[in-house]
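Peer 1: In case it's useful when we look at the structure, here is the feature table from TrEMBL:
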- 169-180: compositional bias 'Polar residues' (COMPBIAS)
- 181-190: compositional bias 'Acidic residues' (COMPBIAS)
- 204-328: domain 'Anoctamin dimerisation' (DOMAIN)
- 372-440: domain 'Anoctamin dimerisation' (DOMAIN)
- 443-1066: domain 'Anoctamin transmembrane' (DOMAIN)
- 162-215: region 'Disordered' (REGION)
- 451-481: transmembrane segment (TRANSMEM)
- 530-549: transmembrane segment (TRANSMEM)
- 609-632: transmembrane segment (TRANSMEM)
- 652-680: transmembrane segment (TRANSMEM)
- 701-723: transmembrane segment (TRANSMEM)
- 836-863: transmembrane segment (TRANSMEM)
- 884-911: transmembrane segment (TRANSMEM)
- 1023-1049: transmembrane segment (TRANSMEM)
Amino acid sequence: MRSNGHYNVNGDAQGMNVNNNHHLQHDIIVNSNYIHKKANIMPIDRSKFMYYNGQLLPVDYVLVYTRYHSNHFRRSHKFNRQHDEYRQFFQDRLRKLGFIIVEERLTDEENDLLNLRQAETSADVPDNNSNSNNEENHVLVRGLSTLQRHVSVRLQNISLHLKKDTQDTTHNNDGTSTDAMNEEEEEEESIQLNDSREDNDDKTELKQSSQTLNENGLQQDERYFVKIHAPFEVLLVLAEKLKVKLPFSENKAPLKPGLLDQGLPCQFTRLDPTEFPKPYNGKTYFTACYQKSLHYRFSEHFGDIDKVFRPAERSRLVYEVLLRCPYRSPELLITASEEAKSETSEIDSALPNHKPQQTHTSDIQTLKIEELFTSSTRRSGMKDTGIEVLLEESVYEAAFPLHDQLIRKEDAGEPETWNDRMKLYHRWAKFQNIFRVQPIHAIRDYYGERLAFYFAWLGWYNSLLMIPSILGIFVLLWGLLSVKYDRPTLDICNSTSSYLMCPKIDRQAYWFLNETCFNAKMSYVFDNSASVAFAILISVFAVSVNFLWQRQENRLQFEWDMTDIAEETETLRPDFERRARKTVINKVTDKLEPYVPAYKRLITYISSFSVVLFMVLLVLAVVAGIVVYRLSVSAAFNSIDREMWMYRWKPIIVPITGALINLIIILILQYFYEILAIWLTNAELHRTDKTYEASLTIKMFLFQFVNYYASIFYIALIKPLIIYKPTYLDRHSTAFRLEECDVSGCVWELAIQLIIIMVGKQLISNIWEFYFSKLWNMCRKRIQFRQTVRQINERNAKMTQMHKQTSTMNLKRSYEEDFLLQPFELTTLFYEYLEIILQFGFVTFFCLAFPLAPLFALINNIFEIRIDALKVVKEFRRPMARRAMGIGTWNSILNIMAKVTVLSNAFLIAITSEYIPRQVYYWTIGNRSLNGFLNHTLAPFHSSDFPTIINRTLLECQFIEARLFDLSKKSAFFLPFAQSYHLLDFDCNSPLANEIRSQIDFSTCYYKDYRLDHTHNYARSYMFYYVMVARLAFVIVFEHFVYCILFLVRNLILRVPRNVRAQLDRCRYLVQQMYWGAELYAQNPNLIKKDENRVRADEADHEHKRQSTLPTLMTTSNEFSLNNNASLDL
């Protein structure tokens, strides 16, 4: 449906035809004394048009190639000639299909002067950005002086004489003299499509022959730009082949814009309707796949034929032809051209004095396009097909649709007259628009549905993140305010000498429990009853987000005419056709096409799986290395001087440095694996782009999932289960032992790891994306294309020196500026999706440990939208528009992430958090109180049960020495004679040491576990089993609770909104009604008038009886009577 989406009237996309009745004539005001000031309208970028047979036609696509001089070290003369033959055949074939092609050299000063002269003399240039209320609009052109006009005319006369001499030397019998051609152009203002194509072929042959003669005389490399224009008649044929939907009936009850589409009721959050007006004067239409036999149903809604196809749609249709258009090898070039000429002559002789109408292509062109789209080039296994192959073989350097030109805001005129790119840049991409709603429909019109769906999904995801972000702030505030009332935390901080803790692997001496007071407080801030409730809400949010997005996705599908897209529009990948060695008959099309045997695919899949498995094991090895690093650093801190500041901050330094090292390794592995994954996917030879992207997505997601989450899952789910008795203390010297959690749990350490990896990764990624694209374009201009930039600057300097007023003219060419930008690759959008999906995991998997994760994700995504928009609008070439029905494979990945979220939060609360043990104690032993909970979780250990390898006296002396060191730094001492003691003269048997030994009971130490004392051989206590059962029960109840809510949501809320479903049913009904008798109308055109009358009567009756809310889905009796009358007429 041509929906309520905002649409920017792109003046640059309109063809300027002197014979087009839809265009209004405008006066050209030439003022040689023009003073530079802000204009009311935006000046037209003439470099986006080609001058062809008295017409200015918009450029739909640009191909770039370089003609190297004979002494170039990278190209041989034979290689150059082969590429020239490929290009000649490829472009000739495009001309035979009806496309208009014009080549232009990079350093062609004559073209600029001619364009400037055309700006004065052309009266056929309409102001496409003018308002409909104004009957007459004037285009203010910066004039040229008398001297400049004489110079331009003189250069044109010289070029005409050169063409005449070239024509005489090449003995071209078909060519005519320049004067005769000029007289013919003056006599015929309107020329037919086939005649213009034949004249252009003659001119191209002259140009190519002159280039061939002068090839040996080239002193430097010359770059050429091939401009391609698709006439409206050709676009209609392509629309029928590619099932493009066009409007055929007005929608009397359009969809109302949603709440998220309008933004907040503030001016700085909403779009200006004058800058982004609705198409068709605010009307909406139902659409259907275009058919030539029903052209009369579609043509009445065309209006201006240059606005029928959106800019992105035009470029996509042209690209589909470029993707399928064949080129031939040099040995088949002559025979192929002779066959084509003979075929054309036979058809022309069979149809004498026949001239096709201007609104339809010729039968020859239609047949050739039909042959192109019916796999004719694959019937004999021919692989010389498509622009992608030509780009891989370096026949062409680049192929891209043109951007609209970006100029200074002061010179652009009023915002209502800006082109699409200017509007998107100033109203969307800039950081000042971070609170403004996205012009998502304008993005779709300019870039296509695939890119628009990404920004629509990202903006919609940001809107949903607002609620978890606000809740996360309240959860954190609750933890900060209630920590001073938590009884177990107070017991840990106030236990001076009550609990002597046993040595651990990272604490190789006795220590007091109150030393972990800071960790206990921070653990409670993130691990409390409010954070548990927050984790439950986030789990419900995670399983619902994909379902709610699919509702919005279905709405956008209907508004963007993406419903009921046939799967047969998928084409074979050029790389697959080029590298596949065997052919097989397709059971669907009954045509021969390339294929890869099953055993070869199996070998490549096994190889890819082995490499991916190796990389996953490498990531696990890195996690193990980080564990060893933490153990080593902890042991090293125990041996340093306790007076150093590093020893005091050991609980924070160790996890932070470990997380930073892990982040650096993650980024390094990510970079190398991206290259490896693309290479493996290319080696698998996928048949279509859809399977290629799916395979790459699986590889990248699997590795990045393990790469980013392995260390976090280890701290969250594995480390809390690692508890050693003091009897195993000697094993650290002979075997590898994993680290244990602190007495207060692993939540604080998990929060540190999550904050550093999540926030650090997002910060580095945004800085890299923002500056790397700018730096890369700068390097391309300074290094790779320095010769091209120098030639452009020299040409512009020459143009400026001809007259000082040419400096006010815009000498920039859009296709040259776009060529210097970096290309938009197939994987560019893939990495953006992957980044947000990984962020979704950080937000939902471990929200218990970091409630502010949604807030940081929201802030990051607000800037992420603008950074991605800046890259797409300013730093990248305009991407080829691709159709899409949504975010594709990422919907399935979101479902997987939602399921992992439920399990992760369930086990995080059950295992890592102290919530379950506290609740078990609260409801069983504590009599609804947590008094004594700390003593309940600590198990006693008799020092006589230490292994014989452990020197208990040494442990006591180390502890006493550490206590004396701490006492020497205090202002008041509980020992009266401690001030006169010197630590350098420490003696474990001194009176001071004996005094401390007498105050502390070294016979018993404590460790955290549910175990009995030495009389019961340290067996598990019954509370251990109570807590374990409670944890397992909580996991089951938690999972069922979340999925029950999801079940209710899916049954109470429809996946397709009711108003969208009603519109779809109405559209399908009208389409079916239109297709009835389509073939009969094509055979008997006399019935078309009756069908038009029936449509008008049906619409009038529907307008009279329709309701104010939605159209009735059931067919009324009047409609049945009309249908019966129509069938009787047939």
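Quick reminder: no glycine exception, Cβ is built from N, Cα and C everywhere.
Keep in mind that TrEMBL annotations are predicted by a computer and have not been checked by a curator.
Structural setting of the listed features?
Peer 2: Counting residue by residue with DSSP, the domain 'Anoctamin dimerisation' (372-440) contains 27 helix, 4 strand, 38 coil.
Long-range contacts of the transmembrane segment (530-549) within the same chain: residues 457, 460-461, 464, 467-468, 471-472, 474-475, 478-479, 840, 843-844, 847-848, 851, 854, 891, 894-895, 897-899, 901-902, 905-906, 908-909, 913, 915, 1038, 1041-1043, 1045-1046, 1049-1050, 1053, 1055, each at least 6 residues beyond the stretch ends and with a Cβ under 8 Å from a Cβ of the stretch.
A Cβ distance under 8 Å defines the sequence-distant neighbours of the transmembrane segment (701-723), meaning residues of its chain 6+ beyond its ends; these are 612, 615-616, 619-620, 622-623, 626-627, 659, 662, 666, 669-670, 673, 677, 738-741, 745-746, 749-750, 753-754, 757, 761, 834, 837-838, 841-842, 845-846, 849, 893, 904, 907-908, 911-912, 1008-1009.
Beyond the transmembrane segment (836-863), the same-chain residues lying 6 or more positions past its ends with a Cβ under 8 Å from any Cβ of the stretch are 431, 434, 458, 461-462, 465-466, 468-469, 471-473, 475-476, 526-527, 531-532, 534-535, 538-539, 541-542, 701, 704-705, 708-709, 712, 716, 747, 750-751, 754-755, 757-759, 761-762, 766, 890, 893-894, 897-898, 900-901, 904-905, 908-909, 912-913.
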Peer 1: Could you tell me the mean pLDDT the prediction assigns to the domain 'Anoctamin dimerisation' (204-328)?
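Peer 2: Averaged over the domain 'Anoctamin dimerisation' (204-328), the predicted model reaches a pLDDT of 79.
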